[in-house]
Amino acid sequence: MQSARFNWKLIHSNHPDQVQKFAKELKINPILVKILFQRGYRDVDSIRHFLSPSPEDFHDPFLMHDMKKGITRIEKAIENSEKITIYGDYDADGITSTSIMYETLQELGANVDYYIPNRFRDGYGPNPDAYRRIIKNGTKLIITVDNGVAGHTAIALANKLGCDVIITDHHGLPDPLPDAYAIIQARFPGGHYPFSDLCGAGVALKVATALTGEIPQDKLDLAAIGTVADMVSLTDENRAIVKFGLKSIKISSRPGLQALIKTAGINLKSLNEQSISFGIAPRLNALGRMGDANVGVELLTTLDPDRAVHLAKFVENQNQKRKQLVAKISTEAIQIANRPENRRRRTLMIVGEHWHQGVVGIVASRLVEKFHKPSLVLDYDPNKKQAKGSGRSVKGFNLFGALNTVKDEMVSFGGHSMACGLTVGKNQLVAVSKALELSGKYQQLNRLSKPNLNIDAVIPIQDVNSSLYYQLRRLGPFGTNNLQPNFEIRPDVVNGVFQMGKTNQHLRFKACGKNSKLNVVAFKQGPMANTLKAMPYQVNVVGSIGLNVWRNRKTFQLVAKDIMVTGIRVIDRRSRYLTQNMFRPSTVYVFFHSDLAKLIHGYLNNGSKFKLAKNLSPRDQFDNIILVDCPDNIKQFVSLIKKLNVHQLTLYLYRKRPAINYGMPTKDQYIRLFKFECTHQDVDVRHQSKLLASYLQVPYDILIFMIKVFYELHFISIKNGIMNPIKNPQKRSLQNAPAYRSRLDEIDVEKRLLGVSSSQLIHYVCQLITD
């Protein structure tokens, strides 16, 4: 059995009648209504509105705190030709929000430039030294995007140097707040903005809307990228931003975005939010992780096609370097995490040397994904005698709270419940590690627990088609708080299993149902290939329905989130011979025939055990058993399989002289023997049976069998090896002879177990297990 990586939770619908009624009224698949019902949309109007976002979903920007005050100051700066600097951030949200603000102010005639802090030199957020340089170069107004609310020191310096700061941010607000000229923030306490989960690019879009008096259609592409990349809630206004923004990307005239999409290998026709999540966003994020993110703003705002192509190639190169670093460091970190002392922990703190600090956060996420444990990944600098890195958490574990108890032990520390950044001195590493693990105990973190995977519905394979796919796409864009629906399929069998990817890390196979097949792709599940091949009839899969486009041919597939293989793993090793090397140490061998068990016992190695099938009990538990011989009838086999409590069953099913090879005597052969025994007395069958077989032109084994049948039916007598006829024998059916019935049973069981293909045998055994 291959257990699932997640706890599967099927979401049940309690309103089947309403679901059917609404589906009929809206003329959509009931599955869509069922999913929306489960997500809180429980009347026709709310469902209709969700499926059809409109421009009315964009809220009035002036409802946001300090928007009017901030806009007035910006307009004054434009009017007076004051130099404005956009102070951004080095991730995809920061790059897109900087681009939105920079373009908008440029179009309004402002004297504007931008500054993206360097992750390694400046760190995150307002940096006093950077502010000092910016102001020294003549800037009179700094507008932050995607940062600012934690910049007390830098903003106080700006005020002292005569430069106003307008904060546009979406991060949690500290107490006290920095003394900025204006703080434009959707979740400001006491504010009136109806939606609080905009990202940095979303807030920048609202400022642009307030400045221009209309929704800037040509900025929706950038806002959509930032919104998806920052994983904010894809509900309410964000849903509209991404929905319309995706359409904008497809028709965008931005040379840089066009070049980026092309170098990323994204099909523009099928572009969706996943194209941003897995294609565009990682490339923009790679810039800040590897060095200078200013390139990203130039790429997105340039009007020069040649420059755009050059920059896009640079971005692609940086992303490839980032991927190589992540792969290398992840391999090293996983090796450390697999050490016995770490496997026993509820949490992980992995420290290495010469690890690139720009990617340790990604590596921490990889560890969480693989081990389901809160994970810190730090790079140790022996010169500074400090370790700097990032942490990622699992659902239900407050990582910030776990480490906040030892914040005084650290050089720097910040974050929230699910992620953090920290710098720790060499002598404090043990204390931080202990605090993390102790908090795992206090927060009742079970190292053996698995995260939940919600399943929206169980569907037949034949229901996965183009109609369902395109209807489900109406639920998109998918992301935080609007997850792509997960479906469970229960195929009759899987086949065509093969590994793919440079290191065979991925998996592809076909799930087969009643008169239908479905391609399944399972990323990072390559090692399961052998298990699926060995247990193809016991596979259930949970995943989302996706579209695969190859050479302009569209096929629909299930993108697996998890795979469960239930029951016993059955391995076919049927053999006509038994050799000593087939009997390994520390293995349990099961026999149907005690005489064979006694004969083989001398070949068993140290630690091996032999058991008779009739003596096994359902209470007996074994990891692996080998079934050595073939039973005399199918009932014996079924009885054994039903009571097995093992993880793996290997079948030798050895039969010295298979009855199926000889079959049953023909009617003519019975008649020949009957006529002979009626006319001959005192036949020495002990010494003359081979001669008799030749005389009757009957195979020797068939003759011996017929003699045994006639003896059991009292047609003949045998004393001391001498056969004689019985006068006037009672007429009886061959079926009355135990030997005859046993031979039929032997042939039957051999046909079922020895005369079938490997896949047929495994299927039969698996059916017995699951029935």
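A Cβ is built for glycine as well, from the same backbone N, Cα and C atoms used for every other residue.
As recorded in TrEMBL, the features of this protein are as follows:
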DOMAIN    83-227  domain 'DDH'
DOMAIN    351-436  domain 'DHHA1'
DOMAIN    455-562  domain 'RecJ OB'
DOMAIN    570-763  domain 'Single-stranded-DNA-specific exonuclease RecJ C-terminal'
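Fewer than three CB pairs closer than 8 A are found between the domain 'RecJ OB' (455-562) and the domain 'DHHA1' (351-436), and contact between the two stretches is not assigned (pairs 6 or more residues apart). Broken down with DSSP, the domain 'RecJ OB' (455-562) shows 20 helix, 53 strand, 35 coil. In the domain 'DHHA1' (351-436), the DSSP tally of helix, strand and coil residues is 32 helix, 28 strand, 26 coil. Model confidence over the domain 'Single-stranded-DNA-specific exonuclease RecJ C-terminal' (570-763) is summarised by a mean pLDDT of 91. Taking DSSP states H, G and I as helix and E and B as strand, the domain 'DDH' (83-227) has 58 helix, 25 strand, 62 coil.
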